[in-house]
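Since the structure comes first, as structure tokens, the remarks are kept for the end.
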Amino acid sequence: MSCPFAESIVKNTVNTALQDDPTLAAALVRMHFHDCFVEGCDGSILVDSTEDNTAEKDSPGNLSLRGYEVIDDAKEQLEDQCPGIVSCADIVAMAARDAIFWSGGPVYDIPKGRKDGRRSKIEDTINLPFPTFNTSELISAFGKRGFSAQEMVALSGAHTLGVARCSSFKNRLSKADANLDSNFAKTLSKTCSAGDNAEQPFDATQNIFDNFYFNALIRKSGVLFSDQVLYTTPRTRNIVNGYAMNQAMFFFDFQLAMVKMGKVDVKEGTNGE
């Protein structure tokens, strides 16, 4: 009631940005994830570093984040409409949801009312999952935030959007990896011949939200080590198989997990602003 047009303002801003650059969909989803996994969903990923504080956004794992201008644009319009009402944390969460729907993914509703946090420190980003994690490390990292192994696999399915940089998977290419299809290994090597910042799509439809990511894992064509282990580990293999065969089931589980992720350690009352 306090800002009735908030949802449509964010949605229109996101849709306009994605029409110009569809690759921003993956960026906005990733930003939400990187925000929520560090200090909770509190907008701390948006804070700039100062002379006496290096913020989250300047940590190595966050340097490739982008789409900040989409959040800024939505925030500016919301401040015109209803000053001091809608937090940046809510905008990041709504933008990720709208980007998923724009890309062909499920539509879902999220609760609003997150406050923005006051802390953003580079050292807190040690809590982000690394692309070198094995399944038990992934299960542990997500488990600390209250997610089951199945929810972790569903959320990993966000990698149906976007690309990975060579620097995050080149370590897989130095030695023969039995869990990496040999032809796909050649594709990755070719990508990396253009340098550390060269980009490899996670699946064949990098701007479409579908279940192709899981099918790629079955073909031993997961880009990151942390992608492929989901299929090589018995504990999560059946979940991958299920999502690869049934896109509707993936969409349903994914939206439930995303709503849950958007509630991780939210700041309320005097804990945020």
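Think of each number as a place in line: the chain as shown, counted from 1.
The backbone N, Cα and C atoms fix where each Cβ goes, glycine too.
Note: TrEMBL annotation is automatic and uncurated.
Just so it is clear, the model here is predicted, and its values are computed rather than measured.
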Going by TrEMBL, which one of Cys41, Cys82, Cys88 is joined to Cys3 by a disulfide bond?
Cys82
Counting Cβ neighbours within 10 Å across all chains shown, tell me which of the recorded positions Cys3, Val38, Cys82, Cys166 comes out on top.
Val38
Considering only the recorded positions Asp42, Ser44, His159, Cys166, which fall within 10 Å of Arg30 (site 'Transition state stabilizer') when distances are taken between Cα atoms?
His159
How many whole Å apart are the CA atoms of His159 (heme b binding site) and Pro129 (substrate binding site)?
14
Rounded Cα distance in angstrom between Ser44 (Ca(2+) 1 binding site) and His34 (active site, proton acceptor) is 9
Cβ density check for Gly40 (Ca(2+) 1 binding site), other Cβ within 10 Å (all protein chains) comes to 21
